[in-house]
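Listed in TrEMBL:
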| type | residues | note |
| --- | --- | --- |
| BINDING | I6, G7, A8, G9, N10, M11, A68, V69, K70, P71 | NADP(+) binding site |
| DOMAIN | 2-97 | domain 'Pyrroline-5-carboxylate reductase catalytic N-terminal' |
| DOMAIN | 160-264 | domain 'Pyrroline-5-carboxylate reductase dimerisation' |
Amino acid sequence: MKVLVIGAGNMGLTYAEGMAKSSLLNHRNLMIFDKSAEVITTLSKIDHFDVYDDIEECLPKADIVFIAVKPYHCDSLFEEIKPLVNDQQIFVSLMAGVTIQKIQEGLDVKKVVRSMPNLPAQVGKGVTSFTEAKEVSRVELLMVRNLLDTTGASIHVETENFIDASTGISGSGPAYVFYFMNSMLEAALKMGFSKNDSKVLVSQTFEGAVKLFNESDLSPSTWMERVASKGGTTRAALDSMDDNNVEELIKDAAYAAFDRAVELGKE
Ligand SMILES: NC(=O)c1ccc[n+]([C@@H]2O[C@H](COP(=O)([O-])OP(=O)(O)OC[C@H]3O[C@@H](n4cnc5c(N)ncnc54)[C@H](OP(=O)(O)O)[C@@H]3O)[C@@H](O)[C@H]2O)c1
(Lines of atoms letter the chains of each structure in order from A and count residues from 1; the text may use other names and numbers.)
(Lines give C-alpha, C1' and ligand atoms only; values in the text may rest on other atoms or scores of the structure.)
Protein backbone atom coordinates (compact mmCIF):
# COMPACT_ATOMS: atom_id res chain seq x y z
CA MET A 1 0.00 0.00 0.00
CA LYS A 2 1.39 3.39 -1.04
CA VAL A 3 0.13 6.57 0.57
CA LEU A 4 0.49 10.11 -0.77
CA VAL A 5 -0.20 13.25 1.25
CA ILE A 6 -0.95 16.36 -0.82
CA GLY A 7 -0.21 19.58 1.10
CA ALA A 8 2.62 19.62 3.62
CA GLY A 9 1.15 22.24 5.96
CA ASN A 10 0.07 21.80 9.60
CA MET A 11 -2.31 18.92 9.02
CA GLY A 12 -0.67 17.19 6.05
CA LEU A 13 2.65 17.05 7.83
CA THR A 14 1.05 15.94 11.10
CA TYR A 15 -0.64 12.97 9.40
CA ALA A 16 2.50 12.17 7.39
CA GLU A 17 4.57 12.17 10.61
CA GLY A 18 1.95 10.04 12.39
CA MET A 19 1.93 7.45 9.61
CA ALA A 20 5.72 7.54 9.33
CA LYS A 21 6.13 6.78 13.03
CA SER A 22 3.63 3.90 12.95
CA SER A 23 4.43 0.35 11.93
CA LEU A 24 1.75 0.45 9.22
CA LEU A 25 3.91 1.81 6.46
CA ASN A 26 7.45 1.32 5.38
CA HIS A 27 8.65 4.90 4.91
CA ARG A 28 9.38 4.22 1.22
CA ASN A 29 5.63 3.77 0.84
CA LEU A 30 4.84 7.20 2.20
CA MET A 31 5.03 10.12 -0.20
CA ILE A 32 4.37 13.80 0.39
CA PHE A 33 3.78 16.50 -2.18
CA ASP A 34 3.57 20.27 -1.83
CA LYS A 35 3.62 23.01 -4.41
CA SER A 36 5.92 25.28 -2.42
CA ALA A 37 9.61 24.94 -3.34
CA GLU A 38 10.60 26.22 0.11
CA VAL A 39 8.56 23.53 1.88
CA ILE A 40 10.03 20.84 -0.39
CA THR A 41 13.59 21.97 0.41
CA THR A 42 12.91 21.83 4.16
CA LEU A 43 11.16 18.45 4.00
CA SER A 44 13.84 16.87 1.82
CA LYS A 45 16.14 17.01 4.86
CA ILE A 46 13.76 14.74 6.79
CA ASP A 47 14.11 11.06 6.09
CA HIS A 48 10.58 10.02 7.15
CA PHE A 49 8.99 9.97 3.72
CA ASP A 50 9.67 10.51 0.02
CA VAL A 51 9.19 14.15 -0.86
CA TYR A 52 7.96 15.16 -4.33
CA ASP A 53 7.70 18.48 -6.11
CA ASP A 54 6.14 16.93 -9.21
CA ILE A 55 2.62 15.58 -8.79
CA GLU A 56 2.89 13.54 -12.02
CA GLU A 57 5.67 11.48 -10.46
CA CYS A 58 3.89 10.54 -7.24
CA LEU A 59 0.11 10.57 -7.70
CA PRO A 60 -0.16 7.66 -10.16
CA LYS A 61 1.80 5.43 -7.73
CA ALA A 62 -0.53 6.05 -4.76
CA ASP A 63 -3.27 3.73 -3.49
CA ILE A 64 -4.48 6.16 -0.84
CA VAL A 65 -4.29 9.93 -1.27
CA PHE A 66 -4.70 12.33 1.66
CA ILE A 67 -5.80 15.81 0.60
CA ALA A 68 -4.59 18.38 3.12
CA VAL A 69 -4.77 21.71 1.30
CA LYS A 70 -6.98 24.58 2.45
CA PRO A 71 -10.60 24.26 1.29
CA TYR A 72 -10.28 27.32 -0.97
CA HIS A 73 -7.43 25.63 -2.86
CA CYS A 74 -9.44 22.52 -3.66
CA ASP A 75 -10.86 23.67 -7.03
CA SER A 76 -7.45 24.48 -8.49
CA LEU A 77 -5.99 21.27 -7.02
CA PHE A 78 -8.77 19.15 -8.52
CA GLU A 79 -8.25 20.73 -11.91
CA GLU A 80 -4.53 20.04 -11.71
CA ILE A 81 -4.70 16.40 -10.60
CA LYS A 82 -7.88 15.15 -12.31
CA PRO A 83 -6.00 13.84 -15.40
CA LEU A 84 -3.66 11.83 -13.12
CA VAL A 85 -6.10 9.98 -10.85
CA ASN A 86 -7.75 6.58 -11.31
CA ASP A 87 -10.99 5.20 -9.92
CA GLN A 88 -9.29 2.54 -7.76
CA GLN A 89 -7.52 5.15 -5.64
CA ILE A 90 -9.02 6.15 -2.30
CA PHE A 91 -9.10 9.88 -1.51
CA VAL A 92 -9.10 10.90 2.13
CA SER A 93 -10.01 14.56 2.58
CA LEU A 94 -8.99 16.51 5.66
CA MET A 95 -10.59 19.68 4.26
CA ALA A 96 -13.24 21.39 6.37
CA GLY A 97 -16.57 21.86 4.64
CA VAL A 98 -15.71 20.19 1.31
CA THR A 99 -18.36 17.55 0.59
CA ILE A 100 -17.83 14.02 -0.68
CA GLN A 101 -19.93 14.84 -3.73
CA LYS A 102 -17.76 17.85 -4.56
CA ILE A 103 -14.61 15.73 -4.39
CA GLN A 104 -16.17 12.93 -6.46
CA GLU A 105 -17.28 15.39 -9.13
CA GLY A 106 -14.11 17.47 -9.01
CA LEU A 107 -11.86 14.44 -9.55
CA ASP A 108 -14.29 12.13 -11.33
CA VAL A 109 -13.66 9.38 -8.75
CA LYS A 110 -15.95 7.45 -6.40
CA LYS A 111 -13.87 6.26 -3.44
CA VAL A 112 -13.80 9.20 -1.07
CA VAL A 113 -13.47 9.36 2.71
CA ARG A 114 -14.19 12.70 4.34
CA SER A 115 -12.67 13.41 7.71
CA MET A 116 -12.46 16.14 10.31
CA PRO A 117 -9.19 16.17 12.26
CA ASN A 118 -8.15 18.42 15.10
CA LEU A 119 -4.94 20.13 16.16
CA PRO A 120 -3.86 17.81 19.03
CA ALA A 121 -3.11 15.28 16.25
CA GLN A 122 0.27 17.06 16.28
CA VAL A 123 1.05 15.40 19.62
CA GLY A 124 -0.67 12.08 18.88
CA LYS A 125 -3.77 13.12 20.86
CA GLY A 126 -6.04 14.10 17.99
CA VAL A 127 -9.55 12.90 17.31
CA THR A 128 -10.68 12.45 13.73
CA SER A 129 -14.28 11.87 12.72
CA PHE A 130 -14.79 10.28 9.33
CA THR A 131 -17.42 9.02 6.92
CA GLU A 132 -17.27 7.52 3.47
CA ALA A 133 -18.88 7.29 0.04
CA LYS A 134 -20.78 4.03 -0.49
CA GLU A 135 -18.17 2.88 -3.03
CA VAL A 136 -15.51 2.54 -0.28
CA SER A 137 -15.41 -1.08 0.93
CA ARG A 138 -15.23 -2.12 4.59
CA VAL A 139 -11.65 -3.33 4.16
CA GLU A 140 -10.63 -0.06 2.52
CA LEU A 141 -12.32 1.90 5.28
CA LEU A 142 -10.48 -0.11 7.92
CA MET A 143 -7.15 0.63 6.20
CA VAL A 144 -7.98 4.34 6.19
CA ARG A 145 -9.07 4.23 9.84
CA ASN A 146 -5.78 2.61 10.85
CA LEU A 147 -3.92 5.42 9.10
CA LEU A 148 -6.08 8.12 10.76
CA ASP A 149 -5.51 6.49 14.15
CA THR A 150 -1.76 7.08 13.88
CA THR A 151 -2.49 10.63 15.11
CA GLY A 152 -4.77 9.66 18.01
CA ALA A 153 -8.32 8.33 18.11
CA SER A 154 -11.10 8.31 15.52
CA ILE A 155 -14.86 8.00 15.40
CA HIS A 156 -16.83 6.72 12.43
CA VAL A 157 -19.99 8.71 11.69
CA GLU A 158 -22.86 7.74 9.41
CA THR A 159 -23.42 11.01 7.56
CA GLU A 160 -21.57 14.14 6.53
CA ASN A 161 -23.83 16.19 8.77
CA PHE A 162 -21.95 14.65 11.69
CA ILE A 163 -18.65 15.72 10.11
CA ASP A 164 -19.89 19.33 10.17
CA ALA A 165 -21.19 18.79 13.71
CA SER A 166 -17.85 17.41 14.88
CA THR A 167 -16.22 20.54 13.45
CA GLY A 168 -18.20 22.42 16.12
CA ILE A 169 -17.04 20.08 18.89
CA SER A 170 -13.60 18.60 18.22
CA GLY A 171 -12.38 20.40 15.06
CA SER A 172 -12.71 23.90 16.47
CA GLY A 173 -12.87 22.66 20.07
CA PRO A 174 -9.18 23.03 20.99
CA ALA A 175 -9.62 26.79 20.48
CA TYR A 176 -12.49 26.83 23.03
CA VAL A 177 -10.21 25.13 25.56
CA PHE A 178 -7.44 27.66 24.81
CA TYR A 179 -9.99 30.46 25.23
CA PHE A 180 -10.87 29.15 28.69
CA MET A 181 -7.18 28.67 29.53
CA ASN A 182 -6.41 32.19 28.39
CA SER A 183 -9.11 33.66 30.66
CA MET A 184 -7.78 31.71 33.64
CA LEU A 185 -4.19 32.74 32.84
CA GLU A 186 -5.24 36.40 32.71
CA ALA A 187 -7.10 36.05 36.02
CA ALA A 188 -4.01 34.43 37.62
CA LEU A 189 -1.74 37.22 36.36
CA LYS A 190 -4.19 39.83 37.65
CA MET A 191 -4.12 38.13 41.06
CA GLY A 192 -0.33 38.67 41.08
CA PHE A 193 1.11 35.28 40.10
CA SER A 194 4.19 35.28 37.88
CA LYS A 195 3.79 34.24 34.23
CA ASN A 196 5.48 30.92 34.94
CA ASP A 197 3.44 30.13 38.04
CA SER A 198 0.23 31.10 36.23
CA LYS A 199 1.10 28.67 33.45
CA VAL A 200 1.77 25.83 35.90
CA LEU A 201 -1.46 26.52 37.83
CA VAL A 202 -3.59 26.58 34.69
CA SER A 203 -2.02 23.78 32.67
CA GLN A 204 -1.88 21.33 35.59
CA THR A 205 -5.50 22.15 36.43
CA PHE A 206 -6.62 21.31 32.89
CA GLU A 207 -4.45 18.21 32.62
CA GLY A 208 -5.51 16.97 36.06
CA ALA A 209 -9.23 17.52 35.44
CA VAL A 210 -9.07 15.71 32.08
CA LYS A 211 -7.20 12.81 33.66
CA LEU A 212 -9.79 12.50 36.45
CA PHE A 213 -12.57 12.57 33.88
CA ASN A 214 -10.90 9.97 31.62
CA GLU A 215 -10.06 7.60 34.45
CA SER A 216 -13.59 7.39 35.87
CA ASP A 217 -17.16 6.88 34.71
CA LEU A 218 -18.31 10.07 36.41
CA SER A 219 -19.92 12.87 34.40
CA PRO A 220 -18.50 16.41 34.40
CA SER A 221 -21.51 17.55 36.51
CA THR A 222 -20.73 14.95 39.17
CA TRP A 223 -17.10 16.07 39.22
CA MET A 224 -18.28 19.70 39.54
CA GLU A 225 -20.40 18.74 42.54
CA ARG A 226 -17.39 16.98 44.07
CA VAL A 227 -15.29 20.14 43.89
CA ALA A 228 -18.05 22.52 44.93
CA SER A 229 -19.41 22.50 48.48
CA LYS A 230 -22.41 24.59 49.53
CA GLY A 231 -21.38 28.14 50.36
CA GLY A 232 -17.78 27.46 49.28
CA THR A 233 -15.38 29.04 46.81
CA THR A 234 -16.07 26.80 43.80
CA ARG A 235 -19.82 27.23 44.28
CA ALA A 236 -19.26 31.00 44.10
CA ALA A 237 -17.43 30.59 40.76
CA LEU A 238 -20.00 28.17 39.30
CA ASP A 239 -22.88 30.42 40.43
CA SER A 240 -21.18 33.37 38.74
CA MET A 241 -20.90 31.33 35.49
CA ASP A 242 -24.55 30.24 35.75
CA ASP A 243 -25.69 33.82 36.41
CA ASN A 244 -23.87 34.86 33.23
CA ASN A 245 -25.32 32.01 31.21
CA VAL A 246 -21.83 30.72 30.31
CA GLU A 247 -23.06 27.17 29.61
CA GLU A 248 -25.54 28.37 26.98
CA LEU A 249 -22.94 30.70 25.46
CA ILE A 250 -20.50 27.80 25.01
CA LYS A 251 -23.21 25.71 23.35
CA ASP A 252 -24.04 28.66 21.07
CA ALA A 253 -20.36 28.93 20.12
CA ALA A 254 -20.20 25.22 19.18
CA TYR A 255 -23.33 25.67 17.05
CA ALA A 256 -21.81 28.75 15.39
CA ALA A 257 -18.87 26.60 14.23
CA PHE A 258 -21.23 23.80 13.12
CA ASP A 259 -23.37 26.28 11.12
CA ARG A 260 -20.28 27.83 9.56
CA ALA A 261 -19.03 24.38 8.48
CA VAL A 262 -22.39 23.72 6.76
CA GLU A 263 -22.25 27.17 5.14
CA LEU A 264 -18.67 26.59 3.88
CA GLY A 265 -19.80 23.32 2.31
CA LYS A 266 -22.39 25.22 0.27
CA GLU A 267 -20.05 27.99 -0.89
N1 LIG B 1 -5.25 23.26 11.19
C2 LIG B 1 -6.28 22.71 11.83
O3 LIG B 1 -6.42 22.76 13.05
C4 LIG B 1 -7.33 21.99 11.05
C5 LIG B 1 -8.39 21.37 11.75
C6 LIG B 1 -9.34 20.67 11.01
C7 LIG B 1 -9.23 20.63 9.61
N8 LIG B 1 -8.20 21.22 8.97
C9 LIG B 1 -8.13 21.13 7.52
O10 LIG B 1 -6.86 20.68 7.11
C11 LIG B 1 -6.57 21.23 5.83
C12 LIG B 1 -5.15 21.75 5.84
O13 LIG B 1 -5.06 22.81 6.80
P14 LIG B 1 -3.64 23.32 7.29
O15 LIG B 1 -3.87 24.16 8.47
O16 LIG B 1 -2.70 22.15 7.36
O17 LIG B 1 -3.25 24.23 6.01
P18 LIG B 1 -1.82 24.79 5.60
O19 LIG B 1 -0.90 24.80 6.77
O20 LIG B 1 -2.05 26.04 4.80
O21 LIG B 1 -1.27 23.66 4.62
C22 LIG B 1 -1.70 23.47 3.30
C23 LIG B 1 -0.46 23.23 2.45
O24 LIG B 1 -0.89 22.84 1.14
C25 LIG B 1 -0.16 23.60 0.18
N26 LIG B 1 -0.93 23.64 -1.06
C27 LIG B 1 -1.88 24.52 -1.45
N28 LIG B 1 -2.34 24.21 -2.69
C29 LIG B 1 -1.64 23.11 -3.08
C30 LIG B 1 -1.64 22.31 -4.26
N31 LIG B 1 -2.44 22.59 -5.30
N32 LIG B 1 -0.81 21.25 -4.32
C33 LIG B 1 0.00 20.98 -3.27
N34 LIG B 1 0.07 21.68 -2.14
C35 LIG B 1 -0.74 22.74 -2.04
C36 LIG B 1 -0.01 24.95 0.85
O37 LIG B 1 0.99 25.72 0.21
P38 LIG B 1 0.83 27.34 0.30
O39 LIG B 1 0.97 27.70 1.74
O40 LIG B 1 1.95 27.80 -0.57
O41 LIG B 1 -0.54 27.68 -0.25
C42 LIG B 1 0.39 24.50 2.25
O43 LIG B 1 1.76 24.15 2.35
C44 LIG B 1 -7.57 22.35 5.57
O45 LIG B 1 -8.42 21.97 4.50
C46 LIG B 1 -8.34 22.48 6.85
O47 LIG B 1 -9.72 22.71 6.61
C48 LIG B 1 -7.24 21.90 9.66
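Quick reminder: no glycine exception, Cβ is built from N, Cα and C everywhere.
Shown on the structure are the features that TrEMBL records.
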| residue | record | Cβ neighbours (10 Å) |
| --- | --- | --- |
| I6 | NADP(+) binding site | 26 |
| A8 | NADP(+) binding site | 22 |
| N10 | NADP(+) binding site | 14 |
| A68 | NADP(+) binding site | 23 |
| K70 | NADP(+) binding site | 13 |
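Of all residue pairs in the NADP(+)-binding list (I6, G7, A8, G9, N10, M11, A68, V69, K70, P71), the one with the greatest Cα separation is 14 Å apart. Mean model confidence for the domain 'Pyrroline-5-carboxylate reductase catalytic N-terminal' (2-97) is a pLDDT of 93. Secondary structure by DSSP for the domain 'Pyrroline-5-carboxylate reductase dimerisation' (160-264): 88 helix, 0 strand, 17 coil. Secondary structure from DSSP puts N10 (NADP(+) binding site) in a helix.
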